[in-house]
Amino acid sequence: MSTIALDQRWPRDHYLSSGFRLRDWLLTTDHKRIGWLYFASITFFFFLGGIAALLIRLELITPRGDLLSPDTYNEMFSMHGIIMVWFFLIPSIPNTLGNFLIPLMVGARDLAFPRLNLLSWYIYTIGALFVVLTVLLGAVDTGWTFYTPYSTLFTNTAVLAAATGVFVVGFSTILTGINFMVTLHKMRAPGLTWMRLPLFAWATYATSLIMILATPVLSITLLLIAVERIFGIGIFDPALGGDPILFQHLFWFYSHPAVYIMILPGMGVVSELISCFSRNRLFSYKGMVISVMAIALFGFLVWGHHMFVAGQSMYAGIMFSLFSFLVALPSAIKTFNWTATLYRGRILLTAPMLYAFSFIGLFTIGGLTGIIVAAMTIDVHVHDTYFVVAHFHYVMVGGMVTAYLGGVHFWWPKMTGKMYSEIWSKVAALALFIGFNLTFFPQFILGYQGMPRRYHEYPEDFQLLNVMSSLGAGVLAIGYLLPLVYLTWSLFKGKPAGANPWGATGLEWQTSSPPPKHNFVQIPTVTEPPYAYRDQDNTAPFG
Amino acid sequence: MPTATKTTPPPLGDQGPVAEQFEAMEQQRQADRMGMWMFLGTELLLFGGTFGAFITYRVIYADAFAEAASHLDLKLGTLNTALLLTSGLTMALTEQLSRAARHKATFWLLIATIAIGALFIGIKGFEWYKEYQEQLMPVLGLTFDYPGNQPDRAQLFFNFYFVMTGLHAVHMLIGLGVLSVIAVLAWRWRDPPRIARQVQISGLYWAFVDVIWVIVFSLLYLLRV
């Protein structure tokens, strides 16, 4: 206890204390400050996309289209999708937590290319400006998928601005991915072998691999959309000999792996949380590493399951169906290993742990319904219904967002040096879990009963479930707004956290909170495997 | 002193101050090279999207595409290929000479590479102008008046032609910009080890532009009737 008591100080000299002018932030090359820049912009876009979602849910309370016009409704779900997928879900964990933590976790002073890192944030911001521009120009109504020929030949909305924004933000993704991979390869501290890396670092590695391999293909696809709209080039236009299905192949070759860009970092975060708060070493570390890499690999082989009804050959469909089933294996390995880690652990129900439990529950439902839609015959029935909407929200929001919030709560003391309200954080975690299930579980039933997605009117039989879903969205909004309040409050009034408030292992907890500018006074040497939680009694979270 | 003369000095690119995030120059050099290689991998995939799409249509519309390809100027294309490969040679020589700290030779070889690259762009522009005059440019709402069979398919071919060569030209222009900056730095010659590293990294990029052109040239010009 005495060492912990010594730690309860707010260090005088840390990365937040040097330089308070605007240019100290906007021209910083410190990975920790860049993490904050992303954190601020991503939070902004999260709530912008959330407002669009709330409008959608408000419209769907009644069967008639009485709140939004059909066009406005189309623009709302398109903006919701575009903002949430490209400006929140994909950059969230890698660019905020990853930026902040990866150099700390590998015992480095910064990422390999600090200036490139800052450039990535500026590229993200430029892309984001295009999306704001899209909103001002009257939005876009193609959905986040920009399907041709609608996006190139028919719609008069601001497809170009939106596609340019996504194209630009893609470069930010690629450069960030390169930065992480080079850092993980070349800058690990002495003794930190690959098999001693924390799983969050492994997950970031796998994610970076997908970012680097998949994003360029999306970029060229969007570029082709743009030249098709501007120059009348007909690579996807059937009238000129092109093929819209080709667009879908290229698009999903990126956008399916992109799902794993969203979920893999979440799995990394949850592995850290589960191990720390069950005071147990992670069950089957190697199995976890292999399954992370296997998910990244299989993710590239399954894009065709988005096109079961789009006119691809039956044999292609069977292969894509089979590969899609295979992704379930490494995912299940991870889930079972988390459960096995909890077994005989000393479980501490902190807020991050509640988020981690939410993640496991919601991700499991999302994953199991994924098997249902991966089966070709059933997919024909539920294709483009709310069943699919519910499925991917369970994975991407139920999985990814809970993991993100869990990670933010876990590393908040490290990032700010402050502790937040114990009670309110638990209330927020519960509100999220309840609100989420109330919102999206009814949509499974709606979809199975045949309510199509993207419609702003529906038969009256579907009203009850839709009202439930909209109510849930309100509860969910509370779950998202609460952290904004008490985390901000903690910045000013929170108690000093100390270097390691959770008693966690890992290099990032060995430096002070907040860390000094160059992370470590002396680069540490690693002598132990990861998650060596053997001292089970000397720590008490939340003081 | 005698022992000092016997040990070979480290290559020029391994000297100079190390960036603050690294512990040693070797680590920094490896990181720089790895970063550039990975970036080039993503660039290959960017072009790969068009290559994959082109090959798909080349197989589906084999005859029409082969015929359309014969309307491209093979002589100018070949000349351009020869030029670009020569610039790859001058760039490789620049790398050697910059590591040997040969100030003037580094500068003039960079100028040679830039000149050959600019000539390539000039010839490419002339080719496009010729195609514009022959009304083989189905973009920007221009009339497409194709003299052979299956004009629809040919139009698709020319669409690919302009996208692929255009994207390649954009990469050439970026490369020329980078090389120009390094040429200015090489003229001033303030920090030779750093220049040697910059030449090596940008040389990788230039080699990549060469490789992409060879693929573009083979797919578009050489697969003809």
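Heads up, the Cβ atoms here are built off N, Cα and C, so glycines get one too.
Per TrEMBL, the stretch carrying the note transmembrane segment among B:76-93, B:130-147 is B:76-93. Using a Cβ-Cβ cut-off under 8 Å and counting only residues 6 or more beyond its ends in the same chain, the transmembrane segment (B:76-93) has close neighbours at 109, 112-113, 116-117, 119-120, 123-124, 126-127, 203, 206-207, 209-210, 213-214, 217, 220-221. Counting same-chain residues at least six beyond the ends of the transmembrane segment (B:105-123), those with a Cβ under 8 angstroms from any Cβ of the stretch are 76, 79-80, 83-84, 86-87, 90-91, 93-94, 97-98, 169, 172-173, 175-176, 179-180, 182-183, 186-187, 189, 195, 199, 206.
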